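Participant: Below is a structure I'd like to ask you about.
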Amino acid sequence: METQSFIKVLKDVSVHPFDKSRWVASTPGGRNFLINEKTSLLLATLSNSSNAEEACKKFNERSKNHLSYPLFEEIATGLARKFDTNGNTEKAGYLSLKIELLSAKLIGRIAQPITRAFRLVPFLFIAVFSLTIVSYSLATDPLAQEAPVTNQGLALPVILVWFSLFVHELGHIAACRSFGIRHGGVGVGFYFIIPVVYADITQIWTGSKLCRIITNLAGVFMEVAYAAVLCLMSLYSSNPVYVSAALVICLKALLELNPFVRFDGYWLLCDITNTPNLMNRATLQLKSVFQWPPKLQPSMTSLLIFCYGVVNYVFAGAYMGYILSTHFVSVIEFPQRLFLVVRKALLWELQFTDLKQEMVLLMLFYILIYNTLKRIIRSLIKKQLSPRGLLE
């Protein structure tokens, strides 16, 4: 790579604080890298220099190093190759076969009116208010205690629940816009064999810790607020369909907070611990503790990651063992049953009896199997990529 080439590549990289000792380098192509203080200083120096020789001199002065120009050029060129946006800019992802349905521009316009709700004070107020309404309604509304939805009346609750998928992703986009974070579009993809809706919010790694936490909670926040509106509609109209849909949406929101699969709860835990690649880090932490001599860093974050790894493997093992011992035949039949449910839903032939609690249990089982196999394969090929596009 020629001198002018690496200068151009590195000057286009923006740097954002991540924690006390690390920064995020973000390329124009949407790739993100965790970097240390010296790399951050090198990028800042290149950005404020007219040529490589000047950058080398400034870097040595600021870092108290004595790098020769050839060595400086070699380091910068290697960094530029890693950051080069002309190479493979595809973000590492946990979804496959992604299809964008709403462009970033369109979904941004739709989300703009609700961005103020994601400032800290209104966010907390709306969250508490919505949870209060939902909890009270589901606990006291006699309609919530009945099972009034029949096969013939299933269309409206299905539409209401499906709309919550859009509401969820709209929350993530609105939160990004509230904090001035660049976002992509909204679409559908496959998490293993399960169709899911996604929002491209990879660039939240460039935001503050509070920004990342609120943005990752934004989807569940919007679902609970939406469920609260449905509960109020049920109270006003005495129509049991609304409270039934609200119950399903709240159960879905709870599932989204599961930290052991790549749902919102997992990303939230990543942000709380400042650990972008939490599952891989937890695995490495377990290996370091159980090797001889054990190596466990004496810090609260390391302890949390270790505990997460232990609970993750215990939970996954116990859950998969339970499902295999009690639902073995259903495990074998699940892919076919899921296909039939999706097909009926698309053809508007879905019946209430098609929706069973067992489907959720089996879906979680397959997700855990998928995650376990993926970690094993990645370990074998020694490929450690961050699931949200953050490479270290």
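For all residues, glycine too, the Cβ spot is worked out from N, Cα and C.
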Participant: Of 241-259, 355-373, which range does TrEMBL call transmembrane segment?
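Facilitator: From TrEMBL, the annotated transmembrane segment range turns out to be 355-373.
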Participant: Below 8 Å between Cβ atoms, which of the listed ranges 117-137, 303-324, 355-373 makes the most pairs with the transmembrane segment (179-201)?
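Facilitator: It is 355-373, which has the most Cβ pairs under 8 Å.
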Participant: For the domain 'Peptidase M50' (159-308), what's the model's average pLDDT?
Facilitator: 87
Participant: The transmembrane segment (117-137) and the transmembrane segment (213-236): do they have three or more Cβ pairs under 8 Å, with pairs 6 or more apart in sequence?
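Facilitator: Answer yes, regions in contact.
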Participant: Take the domain 'Peptidase M50' (159-308) and count its residues per DSSP category (helix H/G/I, strand E/B, coil), listing them in that order.
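Facilitator: In the domain 'Peptidase M50' (159-308), the DSSP-based counts are 102 helix, 12 strand, 36 coil.
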